[in-house]
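Features as listed in TrEMBL:
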- 58-306: domain 'G-protein coupled receptors family 1 profile' (DOMAIN)
- 42-65: transmembrane segment (TRANSMEM)
- 77-99: transmembrane segment (TRANSMEM)
- 119-137: transmembrane segment (TRANSMEM)
- 157-181: transmembrane segment (TRANSMEM)
- 223-242: transmembrane segment (TRANSMEM)
- 254-278: transmembrane segment (TRANSMEM)
- 284-305: transmembrane segment (TRANSMEM)
């Protein structure tokens with residue numbers, strides 16, 4: 001006779017197996033942050049649509065102006081054009097889906113779509129951080145070693161730094177995305193965030209995700225490394241600027257890197273609050289506020305900073321539109 005304990009163990013193993021089979025059936029996620037809006041979704045849709053349109057238009061104008069105007073064919077403006085190009089795609093990975101969720105009955109995203117959103121959002125974000133680091137190096141050489149600047153910051157080096165930034169951004173996130181794709185998801189499929197991000201998605205996995213600590217540590221090292229390179233560069237830059245005897249010379253030197261410094265503080269400030277919180281936890285409301293700042297507000301301010309605080313770009317934009325008006329008059 002087979003003991004009852006054997007039957008009990010076998011039954012529990014079978015039920016656990018069946019439960020695990022059922023747990024892997026989650027194939028789409030629901031953005032729970034958009035569920036409570038109902039009819040008021042349109043009130044958020046219109047401002048967000050206008051902001052998204054401004055981000056795309058502003059960055060596109062900056063990119064085109066820098067490519068067209070030969071006076072802006074310098075390493076600094078080359079990196080600004082790369083950053084503007086990345087911002088267009090960076091915001092496109094999240095905001096269009098937010099707009100659909102605000103006005104559509106379907107506030108879901110497939111597992112594959114969620115993984116793709118996470119991959120491109122973080123890849124483009126890391127690439128932007130690397131480009132900002134390259135811009136800091138460019139400003140450091142221009143101000144601290146101006147005589148050797150033309151021979152060091154060649155067009156080939158700028159292209160290599162940009163290619164390296166893209167390579168770093170798109171390869172660093174790939175192992176984490178591949179690992180998440182193998183995880184089973186169970187229970188609730190509600191993501192308590194306005195877009196797919198690592199922590200909200202991993203909280204829905206019905207398996208051990210402690211390995212993410214190692215991956216997060218790698219990302220933290222990358223973020224802190226970029227931050228330290230930029231911060232140390234600007235410490236040295238400020239020291240050199242303060243030694244310039246004339247006030248006009250100091251103002252001119254500082255104005256060449258003011259826009260980059262503002263974008264650096266905005267970008268890495270929001271990154272630190274979003275991803276370097278360590279054991280600190282926020283409420284769902286504050287998590288959403290931080291996400292809005294990181295995903296919407298920072299990209300919205302970047303074109304304003306580069307266009308309104310940069311005299312050369314403002315002049316180039318005016319020159320471009322004046323040429324188009326003249327061409328239109330001649331054509332008519």
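Just so you know, glycine gets a Cβ as well, placed from its N, Cα and C.
Remember, TrEMBL labels are computer predictions, not curated facts.
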For the domain 'G-protein coupled receptors family 1 profile' (58-306), the mean pLDDT of the predicted model: 88
Region pair the transmembrane segment (254-278) / the transmembrane segment (119-137), three or more CB pairs under 8 Å: yes
Best-contacting stretch, by C-beta pairs under 8 Å, relative to the transmembrane segment (157-181) and drawn from 42-65, 77-99, 119-137: 119-137
